[in-house]
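The structure under discussion appears below in the form of structure tokens.
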Amino acid sequence: MSSAATVDPNEAFGLITKNLQEVLNPQIIKDVLEVQKRHLKLYWGTAPTGRPHCGYFVPMTKLADFLKAGCEVTVLLADLHAFLDNMKAPLEVVNYRAKYYELTIKAILRSINVPIEKLKFVVGSSYQLTPDYTMDIFRLSNIVSQNDAKRAGADVVKQVANPLLSGLIYPLMQALDEQFLDVDCQFGGVDQRKIFVLAEENLPSLGYKKRAHLMNPMVPGLAQGGKMSASDPNSKIDLLEEPKQVKKKINSAFCSPGNVEENGLLSFVQYVIAPIQELKFGTNHFEFFIDRPEKFGGPITYKSFEEMKLAFKEEKLSPPDLKIGVADAINELLEPIRQEFANNKEFQEASEKGYPVATPQKSKKAKKPKNKGTKYPGATKTNEIATKLEETKL
């Protein structure tokens with residue numbers, strides 16, 4: 001892996017900003033690379049809530065670009081954020097989930113041939129409970145209004161009818177993490193934009209420098225509309241999903257003929273398959289094979305994403321055929337991760353204890369007393385019952 005000393009600043013900047021949807025304050029990055037002539041320090045944070053899904057391949061390909069550009073990359077396992085987000089991760093399981101996320105991220109990166117020796121993992125609670133951090137939370141809460149905090153977390157924190165106060169603390173902590181992790185830049189999905197702006201606008205008021213922000217596009221979910229989400233099982237494909245289940249989910253995914261705008265499958269090819277192929281085989285390499293049945297024209301290989309996208313738009317590539325290719329490609333990506341999980345006891349324990357399967361409680365039906373009539377000894381006479389019922393009437 002190249003270091004900043006051997007990577008040309010322009011080449012490094014190109015790698016850092018490649019395939020991103022938006023960059024805030026790019027001049028900060030250029031100043032570090034061209035003027036200060038040092039490694040760019042950045043972090044990517046993830047809250048260990050639901051099980052990671054295939055959408056995580058998008059930030060993983062960017063971590064690969066950052067490392068190739070010589071960046072010092074920190075992965076923040078934001079355990080307290082997971083707890084604060086409407087208690088998506090209860091405290092008794094959050095430590096196991098953080099470990100599960102760490103092992104999953106390492107497995108993904110290894111599966112796409114990315115060296116991870118220079119990757120640093122930090123658990124949020126290791127510094128977020130210190131006196132200095134706590135005091136800065138108080139200082140920041142004395143600057144940021146309730147409305148600003150709520151708006152900042154609107155696209156990230158789970159929205160409910162009666163929101164908890166924790167949802168307002170969440171974006172303040174994410175802003176402060178930039179200072180306490182000592183970075184020049186924070187990377188995240190475009191859904192984080194409002195939190196990034198909150199950090200830019202308010203950290204200088206505490207005497208801290210403004211950071212740059214990098215945003216990747218969000219991979220659409222399998223259903224129509226919405227993003228792939230760890231907390232919505234119907235929108236995602238789990239990284240440990242069995243091959244048959246992957247095909248079943250892909251076959252039921254929304255995919256309208258000729259529609260290239262609202263197409264989660266094409267987006268997955270564009271933002272996951274294509275970048276991974278470039279990582280493995282070099283720049284501009286693209287080869288997408290579809291094992292199409294002979295009666296529909298036989299197998300076909302596309303040599304560029306644009307060619308494939310145009311074929312779908314012109315309805316030369318049908319939704320069923322696209323689904324065949326995407327399901328096969330996903331299963332090929334997931335196989336080494338499944339294998340690593342199967343051979344790693346620590347990985348399995350983190351999964352078992354982080355995501356315990358609730359055992360349904362069998363409720364015993366209350367036995368109804370049999371009506372034995374009025375003949376058996378001690379039975380209440382029918383006319384006596386009628387009298388008592390009459391007495392209870394208001």
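Yeah, the Cβs are placed from backbone N, Cα and C, and that goes for glycine too.
Taken verbatim from Swiss-Prot:
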BINDING   Tyr43, Tyr170, Gln174, Asp177, Gln192  L-tyrosine binding site
COMPBIAS  362-373  compositional bias 'Basic residues'
MOD_RES   Ser2  N-acetylserine
MOD_RES   Ser235  phosphoserine
MOD_RES   Thr359  phosphothreonine
REGION    348-394  region 'Disordered'
MOTIF     48-56  motif ''HIGH' region'
MOTIF     227-231  motif ''KMSKS' region'
MOTIF     360-378  motif 'Nuclear localization signal'
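Counted within 10 Å of its Cβ, the other Cβ atoms near Ser235 (phosphoserine) come to 22, all protein chains included.
Within 10 Å of the C-beta atom of Gln174 (L-tyrosine binding site) sit 25 other C-beta atoms, taking all shown protein chains into account. Mean pLDDT of the predicted structure over the motif 'Nuclear localization signal' (360-378): 60. Counting only same-chain residues six or more apart in sequence, the Cβ atoms lying under 8 angstroms from the Cβ of Tyr170 (L-tyrosine binding site) belong to His81, Leu84, Asp85, Gly153, Val156, Val157.
Counting Cβ atoms from all protein chains shown, Tyr43 (L-tyrosine binding site) has 22 others lying within 10 Å of its own Cβ. DSSP gives Gln174 (L-tyrosine binding site) a helix state.
The shortest Cα-Cα distance from Ser235 (phosphoserine) to any of the binding-site residues (Tyr43, Gln174, Asp177, Gln192) is found for Gln192.
For Gln192 (L-tyrosine binding site), the same-chain residues 6+ apart in sequence whose C-beta sits under 8 angstroms from its C-beta are Asp155, Val156, Gln174, His213, Met215. The residues of the motif ''HIGH' region' (48-56), classed with DSSP into helix (H, G, I), strand (E, B) and coil, number 3 helix, 1 strand, 5 coil. Here the Cβ of Asp177 (L-tyrosine binding site) has 23 other Cβ atoms within 10 Å, regardless of which shown protein chain they belong to.
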